[in-house]
Every structure is written in structure tokens, then in C-alpha cells.
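> Got a structure here, written out as C-alpha cells. Questions coming.
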Amino acid sequence: MNIHYLTLFPEMYDGVLNQSILKRAREKGIVNYHTVNFRDYAENKHNQVDDYPYGGGAGMVLKPEPVYNAMDEINTKNARVLLMCPSGRPFDQKFAEELSKEETIVFINGHYEGYDERIRNIATDEVSIGDYVLTGGELASMTMTDAIVRLIPGVIEEESHLDDSFSTGLLEYPHYTRPREYRGMKVPDVLLSGNHKLIEEWRQEESYKKTRERRPDLLENFNEKNEK
Ligand code: 6GU
């Protein structure tokens, strides 16, 4: 998979893409990350990328030319082109699974008050990571990259995400490792029983309980799916 980031702050990506699993995925040749500073594609002397809004009002608007010119330079054939904005489609695990199957993803990261409306025409999707406003799309695109890349086959053990919260429709059950007792806190007996059927039932029950307490909204979907 090739992932391109159109950004005015390419250095923001340096740490995140060069650590841990995202780094290892690149080293394995499974994914390649490319940052493009679209200021380099501005058409005026001062490399200006934003301008005052027609019709007046507060804030600056991202000009179309730098973004279109930068897009001309990368291979966007069959690419998913994601415009990062708080008014986009909410990103979730299902969306991550869909994007993990793509050959090429382009993130367009704006700052300022907004995008010139014509920039929307080169995007295939508009995406948001939640109901709050960020100063720019960069952190959102890194969050999404993390969620997407770990789902590409070969990046982590397949089994580690079969049980993920949201993949199963429920939140994850509690995990324990050694020691059996720590500061008076004991590992539940069932996990030491060696009875795999009982353990499976306990985990299902704990997942269900946690979901009911914390995210009852998820249960509607889960119950619907499991009644069919
Ligand atoms: Cl993708 N961008 C910005 N600027 N704010 C956001 C967001 C994206 N998702 C949630 N808030």
C-alpha cells in the first residue's frame, strides 16, 4: 500500500511513522509513506496557500491550486483520496477494514478555516475522526494510518485483531498475565482452570457486561447481527 500525505507540516509525521508497528510495516515492504508539502506547489511568489474568503467573514481559506498541483505529481489512479475535515464521514473500525484493502490512499490535510469548495472535487471521501475540532488533519490522518496499517495482512498476527474491540461488535474482555496475585488482586479462577469452553463463555460474558455498561449504543447492532 502507498500512503500519501498532503500537508504543510511534513515534520509532524516523522516520529509517528518511524516507530513500532508502522515502522516495521514499512521495513517489511508492506506499506510506503510519502509526505508532500503542498506549499511547494503554490503558484505565487510568496508560496501563499491560503487567502481571504470571497464574500467576507473570519478565517482564511485553502486555495485550490497548491492541492491540485501536488495531486498531479502523485499517482492517484484508483486511489482513495480522503479530505480530512470535521464534517466528514465518521471513521470507525469498519471504515478502517475497508481502507486496509486499498492499493493507494491520499490524505489531504487542511488547516485554516476551511477548504476552497473546489478541492472537494478531487476527494473520493470526506473523513472525520470524531465530534471535536482539530487545528489540522495531520493528527487525524496519523490516527487513521495506525488503525488501517495494523489490519493489512502480515503486519501483525492475524489472531490479534480477530478479538479487537469493535471487530467483534463488543468491547474486549479483560486480560491477565503473571503473577497470579499482585498486591492482593487475583487472576479470576476460571482463567487458570484449563477449561477452554468455560474460559470462552466467561470472556463472552465479560465483553457483553462491559459493552452494556460503557457502550450500550453498540449493543443494538450486535444483538441485531446475532439474532439473524
Ligand atoms: Cl479529519 N480534521 C479536523 N481539522 N478536525 C477534525 C477531524 C479532522 N476529525 C475530527 N476533528
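The backbone N, Cα and C atoms fix where each Cβ goes, and this holds for glycine too.
Whatever TrEMBL says is automated annotation, not expert-curated.
The domain 'tRNA methyltransferase TRMD/TRM10-type' annotation in TrEMBL covers 1-220. What TrEMBL records for Gly110, Ile129, Gly130, Asp131, Tyr132, Val133, Leu134 is S-adenosyl-L-methionine binding site.
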> Note the mean pLDDT of the domain 'tRNA methyltransferase TRMD/TRM10-type' (1-220), expressed as a whole number.
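When the pLDDT values over the domain 'tRNA methyltransferase TRMD/TRM10-type' (1-220) are averaged, the result is 96.
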> Cβ under 6 Å from ligand 1: which of the binding-site residues Gly110, Ile129, Gly130, Val133, Leu134 qualify?
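Those binding-site residues that pass the cut-off, since their Cβ is under 6 Å from ligand 1, are Ile129, Gly130, Val133, Leu134.
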> Pairwise over Gly110, Ile129, Gly130, Asp131, Tyr132, Val133, Leu134, annotated as binding S-adenosyl-L-methionine, what's the top Cα to Cα distance to the nearest Å?
17
> Applying a 10 Å Cβ distance cut-off over all chains shown, what neighbour count does Val133 (S-adenosyl-L-methionine binding site) have?
8
> Among all the protein chains here, how many other CB atoms are within 10 A of the CB of Asp131 (S-adenosyl-L-methionine binding site)?
7
> Just checking, which of Gly110, Gly130 (binding-site residues) has the fewest C-beta atoms within 10 Å of its C-beta?
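Per-residue Cβ counts within 10 Å for the binding-site residues Gly110, Gly130 bottom out at Gly130.
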> Fewest neighbouring Cβ atoms within 10 Å: which of the binding-site residues Ile129, Tyr132?
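Sparsest of the binding-site residues Ile129, Tyr132 by Cβ contacts within 10 Å: Tyr132.
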> Under DSSP, is Asp131 (S-adenosyl-L-methionine binding site) helix, strand or coil?
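Coil, per DSSP.
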> Enumerate same-chain residues with a sequence separation of six or more from Leu134 (S-adenosyl-L-methionine binding site) and a Cβ-Cβ distance below 8 A; give 'none' if the list is empty.
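Result: Pro86, Ala140.
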> Under a three-state reduction of DSSP output, how is Gly110 (S-adenosyl-L-methionine binding site) classified: helix, strand, or coil?
coil
